[in-house]
Structures are given as C-alpha cells and as structure tokens.
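Structure record follows, encoded as structure tokens.
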Amino acid sequence: MTTIGTPLTASATKILLLGSGELGKEVAIEAQRLGVEVIAVDRYPNAPAMQVAHRRHVVSMLDAPALRSIIEAEKPDYIVPEIEAIATEELIKLEAEGYPVVPTARAARLTMDREGIRRLAAEELGLVTSPYRFADTREEFLAACDAVGFPCVVKPVMSSSGKGQSVARDAASAEASWDYAQTAGRAGAGRVIVEGFVDFDYEITLLTVRHAGGTSFCAPIGHRQEKGDYRESWQPHPMSQSALAKAQAMAGAVTEALGGRGIFGVELFIKGDAVIFSEVSPRPHDTGMVTLISQDLSEFALHVRAILGLPIPAIRLYGPAASRVILGEGDSTSPRFAIDPAALAQPDTAIKLFGKPELHGTRRLGVALALGRDVEEAKAKAIAAASHVKVEL
C-alpha cells in the first residue's frame, strides 16, 4: 500500500531533486501528476525542473554543509539525484540518518565517477568490459595509454554527456586528450580513465527499472553521439534474442548490485551475440527521452512509480520511435525559438523545449520526437521536425 499526501500541507509526500535539468523536469512533472510535492535543487537559478517545482534552491551540490542544510530544512521523503556532481559522502551520512536516497546512497556514490562503477562491474561482478587503466598525472596517463594501446578513449572519471571526452589515436594526440580531460570535465581537473577501443557492431541503452514487483526492461534503445554527447536515439534497436537475453542478464546483475528502486540507464556494446558492459546511470538517461513518445510509461513515469512503490505490471511500446536533439549554439541569456508549422505537420510528432535560461557555446535546448512505421521513418520524421525549430539568440 502506497500513501501519498497533499502538496503544501502537513501530509505532503516530498521529492527533493538534486539536479534540475531537462531530465529532472520530466521527473518533476510525473511526480506532480501523482500529487507529490517537488523541491528542485541546482547550481544555477531557473533551471528547467525549478520551473515546474513547488520550491527551488540554488546551491553547489558539491557543498556538503549547504546540501545538508537544505535537506534538513525540507525533510523530503525521497532524495532523488539527477546528476553525478553531488557530495555523495554526505548522502551516505544522510541515508544512515533516515533520509531515503534513490536508488541508494551507495549507488549514487559508485556511479558519481567512472572508477567506482567500472571496478564494481569488472572486478566484483566479473562482467566483460573494455580494457582500462586509471591515471592521476600526465606521466601515469601516458603509461596507461601505452598499456591499453592506441587508439583509446580518454574520459574524466567524474563527468557525463561526453564532457572532457576524446579519442587519443596516437602518442602525439594523447597529450591533447589529457589537456582536454583536465579542462573540459564537469568537475575540473582530476583523475581520468583510459579505455581501449571496443570492436562492436552497435551500442544500446537498456533502461532497467527495479520496482516493488521485481525488475523490468524497456525495449533496447539505439543512439548516435557527437563528441560523446547524445544527438539522436531510437527504439527499438534490432538485436538477436540471444544478445538481448545476455544484455538483460548483465543489466539485471549490475542493477541488483547497486540496489534500491528506480530506473537505471545501462549502456552496453554489442558484437554479434556478445555483450560488453560500458556504463550505468542510476537515474533516467538522456537517450531515453525517446520514451516520451514510444512507451505508455516513459522512463520518467517508470522512475516515479518505482520510487513511490507503485506497480509496473507492463511496459508497452507504441511502435518504432525516434528522438532528435534541438541544439543551440552561441551566447544568450534569453534564447527564443522560431517554430515553423512544418515542425509538427506530420502526425505522431512532438517537440519538447526544456526552458534552459542561458546558452554559452553548444547546448541541448529541446528534443523532437516521432513515431513511424519503422525506425528509419521515425528517425527521418524526428530529424525533419527538429530542423524546423530555429534557436534565436
């Protein structure tokens, strides 16, 4: 039995979001639909989820005392991390004091950087991964590149969405990869992971939801990235039954080890029927935005249901679907969007604008979504819809 109170009253059921970007915004909307009181926290004002929350707080979530002060004042029923850059050691303490962290404080800690989750997957669970080394200094990094071999992928251990990520194709380009990882990662300079190249046919995100009734899987999501950042995704991605079964077993193993309830974005490489673990996020995944149109329960609805202990009897796929990012480039503190009617002229299309208040450089500002008779048609419709939305600075 789940009991939900009334927002802004003494009986309110409260979710506190740590991170208030576009993914957090959709979580907030789903929570609001169930009468949950939402508090949004982020490091900058007017973040997307703040625009649909009951209250907001602007603070560095790496500032442990400030984070604790907000949580003790708000007394949320659930603390829901939506990004990696959080004072996770403080979350572990708060969880021990009785504040539920989604899915668990340990999961947030292990996945806040690539080292924790890679060591769990490869060294504790014995999952197949790419070869890897960690490095703290330029000298250790160059030695790691030699050990793993060229070409190799270089990533800050604490970063996401491709920030600070590059490919070192030889010893000459390795120096530039080190410098880029030190300056472009979300958490500044620090430790990096050097990964050997994986020979794969394709990569997928397998959305895996742990809920009161067990573990469920969404249809596999294919995606394309540029410079490590998501640009388009589609669902379902075709794969053999053997590969799908192995992917689900691997996703089930790693999410069980992390524990708790909620949705996990498990990233996997597929080569024939072989499956190789890449990463996992204990929260909604950016490539999963396609589920806003592809499924009866989006990844955000699944996350909120799981958090609240509500049933998830089935996850129904409406049909082949795709998403295409709407990008802004330049500098603005009040971007606008010119939407040509052609953007939504086709049936089974939609656009979502995130409401991000500022643009500096290249930033994801929205997404176009489409259903089709097959994935290729859905992708073409999503691409066309996105092309008819122009960002004005």
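Positions of Cβ are set from backbone N, Cα and C atoms, glycine also.
Swiss-Prot annotations:
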type    : residues                                                                     : note
BINDING : E22, L23, E82, D286, K356, R363, R364                                        : N(1)-(5-phospho-beta-D-ribosyl)glycinamide binding site
BINDING : R114, K155, S160, S161, G162, K163, G164, Q165, E195, G196, F197, V198, E203 : ATP binding site
DOMAIN  : 119-308                                                                      : domain 'ATP-grasp'
BINDING : E267, E279                                                                   : Mg(2+) binding site
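Annotated features, which come from Swiss-Prot, shown on the structure.
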| residue | record | DSSP class |
| --- | --- | --- |
| L23 | N(1)-(5-phospho-beta-D-ribosyl)glycinamide binding site | helix |
| R114 | ATP binding site | helix |
| G164 | ATP binding site | coil |
| E195 | ATP binding site | strand |
| E203 | ATP binding site | strand |
| E267 | Mg(2+) binding site | strand |
| D286 | N(1)-(5-phospho-beta-D-ribosyl)glycinamide binding site | helix |
| R363 | N(1)-(5-phospho-beta-D-ribosyl)glycinamide binding site | strand |
Worksheet item: Ranked by the number of other Cβ atoms within 10 Å of their own Cβ, which of the binding-site residues D286, R364 ranks first?
Response: D286
Worksheet entry | From E267, K356, R363, the binding-site residues whose CA lies within 10 Å of that of E203 (ATP binding site) | E267
Worksheet item: Taking only the binding-site residues E195, F197, E267, which one has a CA atom nearest to the CA atom of L23 (N(1)-(5-phospho-beta-D-ribosyl)glycinamide binding site)?
Response: E267
Discussion item. Say we define neighbours as other CB atoms within 10 Å of the CB. Which of the binding-site residues R114, K356, R363 has the fewest?
Written reply: R363
Worksheet item: F197 (ATP binding site): which of the binding-site residues E22, E82, E279, R363, R364 is the nearest Cα neighbour?
Response: E279
Discussion item. Looking only at the domain 'ATP-grasp' (119-308), what is the model's average confidence as pLDDT?
Written reply: 94
Practice prompt. Express the distance between the Cα positions of G164 (ATP binding site) and R364 (N(1)-(5-phospho-beta-D-ribosyl)glycinamide binding site) as a whole number of Å.
Written response: 16
Worksheet item: Expressed to the nearest Å, what is the distance separating K356 (N(1)-(5-phospho-beta-D-ribosyl)glycinamide binding site) and E279 (Mg(2+) binding site) at their Cα atoms?
Response: 27
